[in-house]
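S.K.: Could you have a look at this structure, given as structure tokens, before my questions?
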Amino acid sequence: MKRRDILLGSGAVAIGAGTLGALTKTTSPKPESSSNKSALASPSLSKNRRQLRLATSWPKDFPGLGIMPVNLAKAVYDMTDGRLDIKVYAAGELVGALECFGATSTGAADMYHAAEYYWQGKSKGFNFFTAVPMGMTATEIMGWIDHGGGQELWDDLSGQFNIQAFQAGNSGHQTGGWFKKEIQSIEDFKGLKIRMPGLGGDIIRELGGAAVNLPGGEIYQALQSGAIDATEWVGPWNDLAFGFYREAPYYYAPGFHEPGASLSLGINKDVWNSFTPSDQAIIRYACRSVNDISLGEYNFRNAVALETLKSEHGIEPRILPDNVLATIGAASEDVLSGLAQADRKTANIYQSFVKNLKLQRAWTELGDGAFIRARTLAQGTK
């Protein structure tokens, strides 16, 4: 098989449109044998071709999340005529799902694709570059990072860990999660064991629940065994793929914890600095392309999957009660404001985020919000 083909297995669901339409034919590579793992400390070079290893936090062949890094690798390969050959490894193939940040930082991997809030143990500031409760939508966080000073703050934060990071995917609005029991009041969160990472998990703890951070591949078994009572994951498309409806039939919205989850490509800083300016530009634009394409695809695929959940599995999504959302909102403010008292970098990120959220919220509500209300009035809810 030619190196131009990045393999992704028979169960792959490919994404891509427009200029990256050809990426829909990609598949992901098989991991190298354990005998080769001693060579992971640096990318290999062969006749002007540079091989790089990309570790991910996603299950192999997983729709959307697992395909984004494959499409990114294919775009970089094509735009460099094969000079930069990125091999993509699913969670557990190179390192564990939550270990790819450390591996990239030290050089055991060259780059990772993941969600930055997985690294909040390193700094709470990383949460802001994925999503924070009652925070920015997908387009708002893109606006902040690209135009409101967010990228510079991200560079400063990740740079201390020897990493250069960029937006490289977005799942858009998420849902509130799958629950084994109905949520009728805030009291129902007391003692609730739920998979919810990031600051959303901190809010669950504020409400008296127990939040845990599990890799995607471990969630269903935890639900099935009773280790957790509920879980959030992404939205209908990815949730349907895991079959959560079989164990937790109550599906709630909105995803207060992740209004627009941004995914990232993190690159070892030494590796990044070794690229030519033109190759750096290629990687930036590959990230941007995957970011834009993924948001549109998630919007479409979630709609299709939602219809399947309703028509084939009898799931009728519910909206969390207003009193529950109000209490969650108050808890969100408490948790976020506490970050202003954290370390200097996190405090600076928090202040920039809040300023940009206030600025963009006014337009989002006048633009998107007013239009959606008008469309609902004109066309109804059916």
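Using the three backbone atoms N, Cα and C, a Cβ is placed for every residue, glycine included.
Feature annotation from TrEMBL assigns substrate binding site to Gln174, Arg195, Glu232, Glu258. Under the heading Na(+) binding site, TrEMBL lists Trp233. Under the heading compositional bias 'Low complexity', TrEMBL lists 24-46. Per TrEMBL, the feature region 'Disordered' maps to 24-48.
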S.K.: Pop the Cα-Cα gap between the residue listed as 'Na(+) binding site' and Gln174 (substrate binding site) into the table, whole Å please.
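M.R.: Each residue's Cα considered, Gln174 (substrate binding site) and the residue listed as 'Na(+) binding site' end up 8 Å apart.
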S.K.: Just checking a number: largest C-alpha distance across Gln174, Arg195, Glu232, Glu258 for the substrate site, rounded to a whole Å.
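M.R.: Maximum Cα-Cα distance: 14 Å.
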S.K.: Quick one: give me the count of other CB atoms within 10 A of the CB of the residue listed as 'Na(+) binding site'.
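M.R.: Other Cβ atoms within 10 Å of the residue listed as 'Na(+) binding site': 22.
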S.K.: Excluding Gln174, Arg195, Glu232, Glu258 themselves, which residues in that chain have a Cβ inside 8 Å of the centre of the Cβ atoms defining the substrate site?
M.R.: Thr175, Gly176, Gly177, Met196, Pro197, Gly200, Thr231, Trp233, Val234, Gly255, His257, Ala261
S.K.: Within 10 Å of the Cβ of Arg195 (substrate binding site), how many other Cβ atoms can you find? Include all protein chains, please.
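M.R.: The answer is 25.
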S.K.: Compute the C-alpha separation of the residue listed as 'Na(+) binding site' from Arg195 (substrate binding site), stating it in Å without decimals.
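M.R.: Per the Cα atoms, the residue listed as 'Na(+) binding site' and Arg195 (substrate binding site) stand 8 Å apart.
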S.K.: DSSP secondary structure for Arg195 (substrate binding site), reduced to helix/strand/coil, please.
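M.R.: DSSP call for Arg195 (substrate binding site): strand.
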